Amino acid sequence: MRKNAILGAVLGAMLATTAGATVAQAADREIVIGYQAPLSGDRSQYGEMFRNAAQIKLEEFNASGKLAGAKVAITFEDSKDDPKEARNIAHKFLDNTKIVGVIGDFSSTVSMAAGEIYAAEKMPQLSQTASHPDFTKLSPWQFRNITTQAFEGPYNADWIIAAGKKTAAVIYIQNDWGISALDGFVSGFKAKGGKITATEAFNPGNRDFRSILTKVARQKPDVIYLAMFYEEGAAFAQQREQLGIKIPLYGTSSLYSPKLIELGRESVEGLHLATTFTPDNPDPAVQTFVKEYAARFKSEPGMFAAQAYDAVGIMLDAVAKAGPSVTRESLRDALAATTNYPGVTGATSFDPVTREPAKALAKMMVKDGRFQVVTGP
Amino acid sequence: MVFDVFFLQQVINGLSIGCVYALMAIGFTLIFGVLNVVNFAHGEVYTIGAFVGLMVITAMAPPLLAVVPLVLAVGAVSGVGLERIAFRPFRRFTDEASQKSRAMREATLLSSLAVSIMTREIMMHIFGGDMQGIPSGYLLQQPVAIGPIMVASGSLVIFATSAVMLGALQFLLYRTQTGLGIRAVSNNQLGARYVGINTDRTIVTTFAVGSMLGATAGILVGLYDGAISPHMGFAPGVKAFVAMVMGGLSSIPGAVACALLLGVSESIATEFLSSGWKDLITYSLLVITLVFFPQGLFGHGRERA
């Protein structure tokens, strides 16, 4: 008897929610954006940041009244940073006729796995972080709002050469993204007359860099260039300190997170990197976002949260431009026409041919326990 | 110029990482030895040890040595709980056919895998997937110079702990009544039952001891790595598993020796190959061992049901 009562209550509650949803739809047209990101598994911290930032942007947008006669909703799916999951999600999103555009995924590998399906079935896809050069080459349906390693690598290489350093060892994570970061940096560094002493890959999930450090220390390069994420970056810097190695560290923007300093402490002092987002930026849009994020989620937003915030913003602005009766086709065209979208990671425009975003990078280093903008080499 | 001070440093690096694998392999092998079933949830016991240790540290800031008994207790409790949930239900059938049944063994293996995944997901929901930093006063990362060689204080602590654990376990197994019981059950569960050994109690004791060691390993490696996360148990768990198989499945000194061998091989291999090949070295060693020493390097060639 008790079991039946509980079952009844649950069913009742479910019916009530469904009824509620139907009423809401009747009142207003609903446009849905799919968001696929790793919400569980060992990259889930990034998915959480994306979801947090996306929620803030979505509420701002719906409250702004930019889109009359319709409300936008975002439906999240957990890709677990797994290409197989991403493909399943892609099919699921395609089957849902309300979904007109997709944001995600996190890593280039997973974004491209889903992207192949979106390309074939004509669904616009915007990744907040996929920086592999091939991602936007999949089809005219792929967009991203992050600078690629083909751009960032040579930029960092110029910076290192300008600082009078001629030799570098590169440590990179063994995945699509890591390899593209390696290629971007190495070609840029060699083009400027620099010499690469070693390129060392490590497998994702590895936290012991002592043997790589020992090997690299033997060659005495002027700098070590890190193409990895902040968890690994913090471990790398700590172990470098334990081994008494003093070679300066430079890294990709993926290291840019308050967590790098929280985990790495003194060992990350002096680490240099270039990034599109700094929470210290006095721009009012940045400060509004930083304050709102901190108030809701009790932490300072890093570059990843900012990337998602802007990706959602770009997508929603495109939806608004395409009007309340938006289709996948019209949304793609509206996305492609994005020019000077005023985001917290700088103004974004898509190149009409390559759909690559043009963005400005800021040079930063860790100084006195926080990221600070550096001017000059 | 390969055999220089850097090379010696690589050997030391290898021993440090090997000790981490060994620390985990000890409890793992103990449980396998008795039940003849892989306990996939050992990695989660390790993670629980790390998280409980960190919670105690952030909440009360006790001296490090006071954290250890608490982590040991938590390990024992999770070991007993794990045995109750994932292993005991399959021991209801006490007849000889069920005990030797392969299906029963595989079901047990999967139930421990299920508990492992559930525990990890629950921890993810409680603590989040993010890496959690360790308060700096507790880090075992101070560089210690031994001549031209550098080690972290944590490596020394982990090395000493592995040695103590190994010694204490050998004493427990070969010098005490409990140990005699564990060895009897490990050798022949039915036989042990027929001669009046309380096999259930022995198995629970083994789980408690093995998990105590696992949980301690978790917090120590956390302090040494400087960060913990709900996924931290997976990678060393796989290496510990390889060390256990190479060591002959139920030989604890064998697992420790093979864990050190794996660590040193990985580290030295980095000198000659890119370190992305590291895991390949581990698994090649495993395959080579199994081809040439089917019983493992330290196996006794005992009959397996």
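Backbone N, Cα and C define each Cβ position, glycine as well.
In TrEMBL, annotation is done automatically, which means it is predicted and not curated.
According to TrEMBL, the protein carries these features:
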| type | residues | note |
| --- | --- | --- |
| TRANSMEM | B:12-38 | transmembrane segment |
| TRANSMEM | B:45-61 | transmembrane segment |
| TRANSMEM | B:67-87 | transmembrane segment |
| TRANSMEM | B:107-128 | transmembrane segment |
| TRANSMEM | B:148-173 | transmembrane segment |
| TRANSMEM | B:203-224 | transmembrane segment |
| TRANSMEM | B:244-268 | transmembrane segment |
| TRANSMEM | B:280-298 | transmembrane segment |
Outside the transmembrane segment (B:107-128), at least 6 residues beyond either end, the same-chain residues with a Cβ under 8 Å of its Cβ set are 35, 37-41, 43-44, 47-48, 51, 82, 85-87, 89-90, 230-231, 233
Distal contacts, the transmembrane segment (B:148-173) - CB-CB under 8 A, six or more residues away: 5, 8-9, 12, 15-16, 19-20, 22-23, 26, 30, 139-142, 179, 182-183, 209, 213, 216-217, 220-221, 223-224, 252-253, 256
Contact call for the transmembrane segment (B:45-61) against the transmembrane segment (B:244-268), three or more Cβ pairs under 8 Å: no
Run the contact check on the transmembrane segment (B:12-38) against the transmembrane segment (B:280-298): 3 or more C-beta pairs under 8 Å, excluding pairs closer than 6 in sequence. no
Under 8 Å between C-beta atoms and at least six residues away from its ends: which parts of the chain pack against the transmembrane segment (B:280-298)? 239, 242, 245-249, 251, 253-255, 257-258, 261-262, 265-266, 269, 273
Could you give the residue numbers and ranges of same-chain residues that sit at least 6 residues beyond the transmembrane segment (B:244-268) on either side and whose C-beta is under 8 angstroms from one of its C-beta atoms? 7, 10-11, 13-22, 25-26, 28-30, 32-33, 162, 166, 169-170, 173, 186, 278, 281-282, 285-286, 289-290, 295-300, 302
